[in-house]
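Some features that Swiss-Prot has for this protein:
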TRANSMEM  1-21  transmembrane segment
TRANSMEM  39-59  transmembrane segment
TRANSMEM  87-107  transmembrane segment
TRANSMEM  115-135  transmembrane segment
TRANSMEM  144-164  transmembrane segment
TRANSMEM  183-203  transmembrane segment
TRANSMEM  218-238  transmembrane segment
TRANSMEM  246-266  transmembrane segment
Amino acid sequence: MDTFQVIILALIQGLTEFLPISSSAHLILPSQLLGWEDQGLSFDVAVNTGSLLAVVMYFRHELWSMFKAWTDSIITRKQTDESKLSWWIILATIPAVIVGFTAKDFIETYLRNTAVIATTTIVFGLLLWWADRMFRPGFTEFQVGWKKALVIGVAQAMALIPGTSRSGATITAALMLGLSREAAARFSFLMSVPVSLGAAILVTKDLISSGQTIDYQALSLGIIVSFVAAYTCIHLFLKLISRMGMTPFVIYRLALGAILCAFMFA
């Protein structure tokens with residue numbers, strides 16, 4: 001990829017990773033519109049690393065408090081709000097790990113296509129609208145509990161289907177379970193840390209074992225661009241979500257799904 005492609009694709013990944021609009025649906029558009037080739041493993045490493053650094057940096061104080069409370073809970077058996085939240089996030093990560101390891105090849109072979117992405121973009125967009133309109137949530141992320149955490153974790157596992165959107169699926173589930181908009185988003189973003197870390201490790205392992213030549217300039221640029229885009233996106237989303245709700249993202253998803261359908265039948 002040339003520098004322009006790296007910047008555009010890293011921007012797309014960074015901006016869409018934490019919005020409920022599906023990054024995979026957007027990353028398929030350059031190939032459809034411009035005929036760009038697959039981004040390659042180096043790019044995957046870059047954007048996964050950039051997104052991970054962004055969410056860790058943004059929630060650095062919360063994550064540090066959670067980590068200390070979690071280690072204390074193991075040593076002293078004392079549970080606090082932060083330690084409970086840590087355990088719930090660990091629990092919520094398990095379904096995605098199981099599905100990721102057992103169904104990765106099936107998903108990549110049979111589900112990563114325009115038809116699936118267009119369908120899931122529309123269907124899960126409508127579910128997001130329903131969850132946001134029909135429920136009157138008020139819980140915080142510290143009131144999730146292990147049952148709700150597991151349900152949200154299952155939603156995160158379902159988001160391995162391209163076009164679903166990890167943040168979209170988890171926020172939808174959290175809203176249905178009674179969390180406030182901001183709490184649903186915060187829990188979703190905190191959940192992304194172990195998932196993004198695991199993805200970055202696995203893709204890096206694949207890159208090393210593939211023997212591909214690493215373009216360190218493109219790798220560095222991709223990390224920087226995706227980091228800045230993702231960090232900005234997280235900040236603005238949390239700042240505005242309570243006031244504007246999910247409707248703008250639902251409308252956007254429906255329009256994007258329609259565009260992808262148009263490409264299929266063109």
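Glycine is no exception: its Cβ is also placed from the backbone N, Cα and C atoms.
Ranked by the number of CB pairs under 8 Å to the transmembrane segment (87-107), the listed stretches 1-21, 183-203, 218-238 are led by 183-203.
Beyond the transmembrane segment (144-164), the same-chain residues lying 6 or more positions past its ends with a Cβ under 8 Å from any Cβ of the stretch are 22, 24-25, 85, 87-89, 91-96, 98-100, 103-104, 107, 111-113, 116-121, 124, 170, 172-174, 177-179, 187-188, 191, 195. If one looks beyond the transmembrane segment (39-59) by at least 6 residues along the same chain, the residues whose Cβ comes under 8 Å of a Cβ in the stretch are 1, 6, 9-10, 13-14, 17-18, 27, 189-190, 192-193, 196-197, 199-200, 203-204, 206-207, 210, 212, 214-215, 218-231, 234-235.
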